[in-house]
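Novice: One structure is given below, represented as structure tokens, and several questions about it will come after.
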Amino acid sequence: MGIELLCLFFLFLGRNDHVQGGCALGGAETCEDCLLIGPQCAWCAQENFTHPSGVGERCDTPANLLAKGCQLNFIENPVSQVEILKNKPLSVGRQKNSSDIVQIAPQSLILKLRPGGAQTLQVHVRQTEDYPVDLYYLMDLSASMDDDLNTIKELGSRLSKEMSKLTSNFRLGFGSFVEKPVSPFVKTTPEEIANPCSSIPYFCLPTFGFKHILPLTNDAERFNEIVKNQKISANIDTPEGGFDAIMQAAVCKEKIGWRNDSLHLLVFVSDADSHFGMDSKLAGIVIPNDGLCHLDSKNEYSMSTVLEYPTIGQLIDKLVQNNVLLIFAVTQEQVHLYENYAKLIPGATVGLLQKDSGNILQLIISAYEELRSEVELEVLGDTEGLNLSFTAICNNGTLFQHQKKCSHMKVGDTASFSVTVNIPHCERRSRHIIIKPVGLGDALELLVSPECNCDCQKEVEVNSSKCHHGNGSFQCGVCACHPGHMGPRCECGEDMLSTDSCKEAPDHPSCSGRGDCYCGQCICHLSPYGNIYGPYCQCDNFSCVRHKGLLCGGNGDCDCGECVCRSGWTGEYCNCTTSTDSCVSEDGVLCSGRGDCVCGKCVCTNPGASGPTCERCPTCGDPCNSKRSCIECHLSAAGQAREECVDKCKLAGATISEEEDFSKDGSVSCSLQGENECLITFLITTDNEGKTIIHSINEKDCPKPPNIPMIMLGVSLAILLIGVVLLCIWKLLVSFHDRKEVAKFEAERSKAKWQTGTNPLYRGSTSTFKNVTYKHREKQKVDLSTDC
């Protein structure tokens, strides 16, 4: 069953065509070289698996090797695998013993990876309830923090009370810092050194770098007492030496009292920026910070005037290494600076501090709750050359690609992460890396071991007889030749290294540039496009011309650069069919008799002919009409006149036959109307020589001649009749009009009433007119007499 599943796995890998070609074309000559091509490649160590010259064929996908005949037990194909060494279950609920708490699973494993391959791990993280907390309060005691010092005198009691609601195992400690006590950071006169505040006047302590005052303890009253006894100090410039203090608080694990199984919180309180890196060169301090603990017997930083300030990178390394979570509690003016620092430091948070630190308790509680609501992974160790990618699976199974952080988690919730590890190249050494949650001591230890070797390399036949009289060592199915020998079986000596016999011509490259010359013979390269062959590798089966993207039009085989067409095809591209079926028109004539069939398509030769079978030809007369002149001449002529019709028929390309016994197969029946309106019918046939013959000429349905006298009589009578009818109509219209006028006259005469005294037709001879131009004058009466 196991072998069957393994075979199925190999077959699955082999389904990718692109991958298959990559293995065989990689040019691998050894098993190790084959494995380096990619995780999909395998090597066949079986003896005589291929022709001795075909070493490259041993490297292929497992499926292809099986298909070529390689036995399964000879296939070298190491696969990536995960070996879990330690996988304790995650803790649930409260644990009495903090050493029994497990917050990450698994805890240890070995990862064996093929170069180029990837393996995905599942990592689970759960923050346990009631987890111990160590809080170290690191305070800036420069003169500007005097009011803050007074505010926190009872902080220990109040902080312990609030933290007891979140954990039953809480400890706190105290330390302070100011600045490096060297010029130009402080004044160096004896008075200023003894009392940096003498100019105020006010007494304060001499400037110091860092003092560890109270180790971590659960005695809150002791914390209050220590804070009450603190006095401020002073320096000149605004930035402080806080990063020196952070470094010492992080690395002095024994002095501070950090526990292994607890949450380490470092509360950094200041109202100013901090020096870092090469700022100390202003004071002539040039020795880089070594990241080690330098607290003397008085718990003071003894190398403050010797070592440079730590860089941000050094702080990150030591904070992560010692699982210290940094809480910046700074004033409004400094928030933006420390937010930039926090973006670089894993697990760091920033809180806004009031001028007198009045909100420090709420700030610490809020920062603690924020830290406990987040789960973020960090990677430590030798990761150079490794490719790691993360996918976070947070609340309700929500996926976050390329993220290794879950937010808004509750204590007791489980955050899962998919971690994909990839080695792009083969390495001879193993890698030890650590994947851990930020701020927690729990970690996953991961040993990454490259799988670059083949098992068959362990079995070596030195000076093997399989390698031509012991000229090499036989390993993994191939020979590794001794110096001075070469060839698949080490059969070639230095005297056989000439490549002249591998050249087709003296000026040609060896093996046409497409093969290797072994012992005077060409071993052609493999190609993803096909086979390369020939004594000089001069031939192949893929360099022929293409038609419509297909080699030899898909109708032939490519042989040494030339197309060999299959039956029924011809032409340079094998794209020309010899079949004429597609050229036959509906009447069964090839290209309708108007063209030639070329490569299965009609090429019309008659002017004006077109169509797939040249069936359309507006300028080509039909076969019947083209014979009209011949037929009409034959019917109308008699005796010697018929001889004249022979010439007309020759022009029409036809001959008239009087034979009645002829084959009507393939004949064309024609009907024409002659000049005498008679219907002429005849048949057109073609003899064996392709000549047109006209048979069975008949003239029928001739119309009778017209009766001209009767036509003339009819026309005359019709004209006479039309004239009589028109006269009658005119007479009727005139009579009707006269009667109407007489009736009208009679009606008007009956209505007339004449007066006896005056003739209505009489008009007087005198008319009176008024002069319209006369004004303001005596009225005159002008009588004008006008003759009517």
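In case you wondered, yes, glycine gets a Cβ from its N, Cα and C as well.
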Novice: Where Swiss-Prot shows Ser144, Asp147, Asp148, Lys355 binding Ca(2+) 1, which of Asp60, Asp271, Asp273 is named for the same site?
Specialist: Asp271
Novice: According to Swiss-Prot, Asp140, Ser142, Ser144 bind Mg(2+); identify which of Glu32, Glu47, Glu240, Glu254 is listed for that same site.
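Specialist: Checking Glu32, Glu47, Glu240, Glu254 against Swiss-Prot: the Mg(2+) site match is Glu240.
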Novice: Quick check on the annotations: Swiss-Prot lists region 'Interaction with HAX1' for one of 171-198, 591-618, 675-702, 731-758. Which range is it?
Specialist: 731-758
Novice: Where among the binding-site residues Asp140, Glu179, Asp237, Glu240, Asp271 do you find the Cβ with the fewest other Cβ atoms within 10 Å?
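Specialist: Ranked by other Cβ atoms within 10 Å, the binding-site residues Asp140, Glu179, Asp237, Glu240, Asp271 bottom out at Asp237.
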Novice: Over the domain 'VWFA' (131-371), what does the predicted model average in pLDDT?
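Specialist: Within the domain 'VWFA' (131-371), the model's average pLDDT equals 91.
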Novice: In angstrom units, rounded to an integer, how far apart are the Cα atoms of Asn235 (Ca(2+) 2 binding site) and Asp271 (Ca(2+) 1 binding site)?
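Specialist: Cα of Asn235 (Ca(2+) 2 binding site) to Cα of Asp271 (Ca(2+) 1 binding site) measures 13 Å after rounding.
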Novice: Of the binding-site residues listed here (Asp140, Asp147, Asp148, Glu240), which is spatially closest to Cys645 (disulfide bond) when Cα positions are compared?
Specialist: Glu240
Novice: Report the residues of the chain - excluding Asp140, Ser142, Ser144, Glu240 - with C-beta within 8 Å of the mean position of the site's C-beta atoms, for the recorded Mg(2+) site, in sequence order.
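Specialist: In sequence order, the nearby non-listed residues are Leu141, Ala143, Met145, Val178, Glu179, Asn235, Ser270, Asp271, Ala272.
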Novice: Given a 10 Å Cβ-Cβ cut-off, pick out the one of the disulfide-bonded residues Cys41, Cys452, Cys517, Cys604, Cys645 that has the most other Cβ atoms nearby.
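Specialist: Of the disulfide-bonded residues Cys41, Cys452, Cys517, Cys604, Cys645, the highest Cβ count within 10 Å belongs to Cys41.
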Novice: Determine which residues of the same chain, besides Ser144, Asp147, Asp148, Asp271, Lys355, have their CB within 8 A of the center of the CB atoms at the recorded Ca(2+) 1 site, and list them by sequence.
Specialist: Met145, Asp146, Thr331, Asp356, Ser357
Novice: Under a criterion of Cβ-Cβ distance under 8 Å and sequence separation of at least 6, what residues of the same chain contact Cys70 (disulfide bond)?
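Specialist: In sequence order, the residues whose Cβ lies under 8 Å from that of Cys70 (disulfide bond) (at least 6 apart) are Cys44, Gln46, Phe49.
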